[in-house]
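Copied over from Swiss-Prot, here are the features:
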MOD_RES   Ala2  N-acetylalanine
ZN_FING   4-52  zinc finger
BINDING   Cys10, Cys15, Cys33, His36  Zn(2+) 1 binding site
BINDING   Cys25, Cys28, His42, Cys44  Zn(2+) 2 binding site
ZN_FING   58-106  zinc finger
BINDING   Cys64, Cys69, Cys87, His90  Zn(2+) 3 binding site
BINDING   Cys79, Cys82, His96, Cys98  Zn(2+) 4 binding site
REGION    160-260  region 'ubiquitin-like'
Amino acid sequence: MAELDIGQHCQVEHCRQRDFLPFVCDDCSGIFCLEHRSRESHGCPEVTVINERLKTDQHTSYPCSFKDCAERELVAVICPYCEKNFCLRHRHQSDHECEKLEIPKPRMAATQKLVKDIIDSKTGETASKRWKGAKNSETAAKVALMKLKMHADGDKSLPQTERIYFQVFLPKGSKEKSKPMFFCHRWSIGKAIDFAASLARLKNDNNKFTAKKLRLCHITSGEALPLDHTLETWIAKEDCPLYNGGNIILEYLNDEEQFCKNVESYLE
């Protein structure tokens with residue numbers, strides 16, 4: 001009686017075992033026994049191709065230079081100051097502890113003096129109203145905070161203890177006059193701007209040198225807050241602070257503009 005021609009021989013040279021239920025490799029289409037069915041066990045030539053492809057793909061992404069950060073981006077995000085590459089989370093100077101970060105104490109001192117001069121230049125009833133408004137802003141913020149907590153948009157994953165709430169007045173000409181939002185108190189001003197722009201679906205060209213930049217401005221003085229400062233820094237200030245539950249302005253300014261004009265018009 002003739003032997004039935006069933007099964008096939010394993011294609012591994014030193015094996016050649018006949019298997020009645022042979023395995024076909026999905027990559028090289030070779031036929032193998034149970035022992036040699038994996039790509040590694042039969043030395044599949046496609047393994048080398050895949051490994052080379054993975055190595056090539058690694059070169060098309062950009063690693064973050066910040067210590068202990070393993071994030072990679074598909075496009076280069078280069079800090080214009082230290083000229084190193086970072087992920088989106090660490091792209092601002094304060095977030096990656098930039099070696100070129102300068103503490104703008106002289107400029108801030110000059111700015112505070114300018115704010116004081118502007119206020120002092122106001123006389124009579126106008127100046128009186130300004131000071132009265134500043135005095136009552138903390139109380140007003142506490143009253144508004146409860147309402148903001150019910151309606152504000154933000155990152156829902158943030159712990160309640162880290163949230164800070166603002167009624168954000170949007171740039172002139174926007175579809176909405178203002179929008180309630182919450183942020184992490186440890187975020188830099190620059191990061192808060194990016195987040196607010198995303199929530200309000202605003203054009204954000206802050207990474208372009210020639211375009212007008214989105215800036216967060218103080219509701220009382222109109223001062224554009226420095227991008228590298230943190231929100232908690234301004235909450236803790238003794239002179240002209242921000243208040244949790246208070247108002248803040250988001251507006252487009254030129255690079256040379258350090259103040260938002262006509263802040264009263266945003267509240268009308």
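Glycine residues also receive a Cβ, built from the backbone N, Cα and C atoms like all the rest.
Structure coloured by features recorded in Swiss-Prot.
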{"residue": "Cys10", "record": "Zn(2+) 1 binding site", "CB count, 10 Å": "22"}
{"residue": "Cys25", "record": "Zn(2+) 2 binding site", "CB count, 10 Å": "18"}
{"residue": "Cys28", "record": "Zn(2+) 2 binding site", "CB count, 10 Å": "17"}
{"residue": "Cys33", "record": "Zn(2+) 1 binding site", "CB count, 10 Å": "23"}
{"residue": "His36", "record": "Zn(2+) 1 binding site", "CB count, 10 Å": "23"}
{"residue": "His42", "record": "Zn(2+) 2 binding site", "CB count, 10 Å": "22"}
{"residue": "Cys44", "record": "Zn(2+) 2 binding site", "CB count, 10 Å": "19"}
{"residue": "Cys79", "record": "Zn(2+) 4 binding site", "CB count, 10 Å": "20"}
{"residue": "Cys82", "record": "Zn(2+) 4 binding site", "CB count, 10 Å": "16"}
{"residue": "Cys87", "record": "Zn(2+) 3 binding site", "CB count, 10 Å": "19"}
Could you measure between Cys64 (Zn(2+) 3 binding site) and His96 (Zn(2+) 4 binding site) for me? Cα positions, answer in whole angstrom. 10
Integer Å value for the Cα distance linking His36 (Zn(2+) 1 binding site) with Cys82 (Zn(2+) 4 binding site) is 53
Which one is closest to Cys98 (Zn(2+) 4 binding site) in space, judged by CA to CA distance, out of the binding-site residues Cys10, Cys15, Cys33, His42, His90? His90
Across the region 'ubiquitin-like' (160-260), DSSP yields 20 helix, 33 strand, 48 coil
Taking every protein chain shown into account, which of the binding-site residues Cys15, Cys98 has the largest tally of Cβ atoms within 10 Å of its Cβ? Cys98
List of residues, in chain order, with Cβ under 8 A from that of His90 (Zn(2+) 3 binding site) and at least 6 apart: Cys64, Phe66, Cys69, Glu71, His96
Cys15 (Zn(2+) 1 binding site) versus Cys87 (Zn(2+) 3 binding site) - Cα distance in angstrom: 50
